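Structure first, then comments.
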Number of protein chains: 2
Amino acid sequence: MHHAADILLTLFVIFIAAQIGAEIAQRLKLPGVVGEIAAGCVVGPSALGWLTPEQILPGTPLDVLAEVGVVLLLFSVGLETRLDDLKKVGKSAFLVGVLGVILPFGCGALWAHGEGFDWIKSLFVAAAFVATSAGITARVLQELGVLSRVESRVILGAAVIDDILAMLLLGVVSSLQGGGELNLQSLLLTLAGAVGFVAIIGWGGTKVMRRGSGWLEKPISPHSPLTLVLALCLGLAWLSTRFGLAAIIGAFLAGMIASETRQREDLEHKTLPLLSFLTPFFFVITGAKVNLSELASVDALVMLAVVTVIAIVSKLAGGFLGALALGNRSATIVGFGMVPRGEVGVVIASLGLAAGVFNERVYAIIVAMSLLTAMVTPPVLAMLLKRGSTAET
Amino acid sequence: MHHAADILLTLFVIFIAAQIGAEIAQRLKLPGVVGEIAAGCVVGPSALGWLTPEQILPGTPLDVLAEVGVVLLLFSVGLETRLDDLKKVGKSAFLVGVLGVILPFGCGALWAHGEGFDWIKSLFVAAAFVATSAGITARVLQELGVLSRVESRVILGAAVIDDILAMLLLGVVSSLQGGGELNLQSLLLTLAGAVGFVAIIGWGGTKVMRRGSGWLEKPISPHSPLTLVLALCLGLAWLSTRFGLAAIIGAFLAGMIASETRQREDLEHKTLPLLSFLTPFFFVITGAKVNLSELASVDALVMLAVVTVIAIVSKLAGGFLGALALGNRSATIVGFGMVPRGEVGVVIASLGLAAGVFNERVYAIIVAMSLLTAMVTPPVLAMLLKRGSTAET
């Protein structure tokens, strides 16, 4: 009973902190999500300590709530995305995805080697520079109501490709690091599995849903269309992890499939309260993971600044070059949209720490870089998109 | 990353099991909640074992999700309840609450003493017979759309009183069991705290909200009325545990306060998707906690039958006598509405096991009794209420 009481207090604190943070951010003309992440820093272990480091470890109740929150967020983004719209930007999205992986990986490896890591370890460090976290950008695009813009579609398509490539890269780097030989066959199998999963679910699921969404309308339970697509969302989120992809990729595909049904608008409407309740946990906990104390030296801050600049510039350049066909302004928006690393960088950094590839300080710096990119992106993106829309009208 | 994948699969399994269980129950003309609890038995450790005993311990992610689910459920029930309606049935609710505690406590103590427990231990066992779990009845009343009926209001009012008395009783019994002296002063303080909490929050909160709900309308965030009342719900759920009451009492009061605002209908509407997503976790996990293997002997089954009959009859009698002023049929409905013990009985039984008051078998029997009362009530209640409404038209 006391345990239940403690967790309720924690949920209350997180939820209130998120609301206050979002409110302050909005008064400062920043996206609400910046305020939620900052609120996480404030209530987290580094500052007020209302959340302990143990409470936000992987597999804890708060971590699971955060995971469910970001899964639902990407599901709702999928609900606002049609496969046909995504297909139209396929080429740009592919280029953005590929260049957005190659440039940060290359720059990251060069930096790490310059810092004295051997080449194999450098490749591992570089992997943490790669994976874009679609959650933060998606939330900003949703907050601004611009998910139907061409830049948004390029970003979302590229995020899927980005995740596939990042997953492969991590596989390669881990096996090199583990001293194993590079098995080209198993690598191609992994690639085929991931691409096959996305293609079959995204393309096949959409086809099936377009033809037969009538069965969703039969009232088998009071809120059946919603519960059925939520089940689909949880199921595909899990399944995509089985193919080595992030859970949010499966959730996004589930939303995209559900967007083909006639209940699309009703579903979008009903998903909003779920987002209001659950996504704050994701963003607050993301913020709480920054360990400010490891960064309390000039050396560390300089290194953090360098790493963050490399991470931002290399991703921005990759995205910009990939989307150049859309024009300079749109390519800039796409480039910045790919910048946030968020929790994916954190996960890779944790693996690196556990494998002994680098020490606590490099770990703290990579985590802080991941989160800094997540905090820098929303205001820049909001500014670019708002200016863009003013210019259009 | 693998941890996240595992939990997503578990969430998917629970969610799907709940939908299938509810669907089957409804085809059998039973309330959906019976199917959800039964689905929990099936996927739980005793049968299929898709949920392990470790996964449903207090404080685990699933347990927290379940707790959040039942908190939101009682919040939504509160949203459909007005303080003024509750006041009208105050006398009946009070009698039902008091008699519904005294009779099961007395009968439970007599049974336990007859089974060979000394008197102090018997009182502890008897405490597990007492506390009504409002969640299950509330869900049935909500499913049938009869929350505005007088019987529903008596049950909800009585559940609050029941919880206060059960809490006091547990305090007394625990201190007797611990060999401590009965401190009348501290007991009165506890009582005053609990009653004061309910009175001040329920009565004062309602007054404040009636006068000044205008500030809820100012758009400080996109979904602000909802997020503000959800924050209130989490906050009061936690606060009520600080006064020794169940978290659901605070959540219910939060809902009742929110029902005084002009956004009441909008809030009810927006709470539904949250319930669809989160309450199945509560009911499936409630079902998963039944340990069928401890009951696999004739002796145990006989004892379980006796205990369950005592638990049902004593509570039914208490509720019936307390609500007699409403007429026989209504009094029967109220009586059955108070029968489910659900998770409160489970919690007391766990305390008893931990304190060495009784063994694994008595523990399993008390847990099974708590859950049996939870499973027996919904169909009976649905039958009585449906027949009642046909008679009225």
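A Cβ is built for glycine as well, from the same backbone N, Cα and C atoms used for every other residue.
Taken straight from TrEMBL:
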- B:16-386: domain 'Cation/H+ exchanger transmembrane' (DOMAIN)
- B:64-81: transmembrane segment (TRANSMEM)
- B:93-111: transmembrane segment (TRANSMEM)
- B:123-142: transmembrane segment (TRANSMEM)
- B:154-174: transmembrane segment (TRANSMEM)
- B:186-206: transmembrane segment (TRANSMEM)
- B:226-259: transmembrane segment (TRANSMEM)
- B:271-288: transmembrane segment (TRANSMEM)
- B:300-326: transmembrane segment (TRANSMEM)
- B:338-358: transmembrane segment (TRANSMEM)
- B:364-385: transmembrane segment (TRANSMEM)
For the transmembrane segment (B:93-111), distant same-chain residues with Cβ under 8 A (at least six beyond the ends): 86, 119, 122-123, 125-130, 132, 153-162, 164-166, 169, 306-307, 310-311, 313-315, 317-319, 321-323, 334, 338
Candidate ranges B:64-81, B:123-142, B:186-206 - greatest C-beta contact count to the transmembrane segment (B:364-385) (under 8 angstroms): B:123-142
Spatial neighbours of the transmembrane segment (B:154-174) far in sequence, C-beta under 8 Å, 6+ residues away: 77, 81, 86, 89-90, 92-94, 96-98, 100-101, 105, 123-124, 126-127, 130-132, 134, 137-138, 141, 182, 187, 190-191, 194-195, 198, 244-246, 249, 252, 319, 322-323, 326, 330, 334, 337-338, 344, 348, 351, 355
Stretch among B:64-81, B:123-142, B:226-259, B:300-326, B:338-358 sharing the most Cβ pairs under 8 Å with the transmembrane segment (B:186-206): B:226-259
Candidate ranges B:226-259, B:271-288, B:300-326, B:338-358 - greatest C-beta contact count to the transmembrane segment (B:123-142) (under 8 angstroms): B:338-358
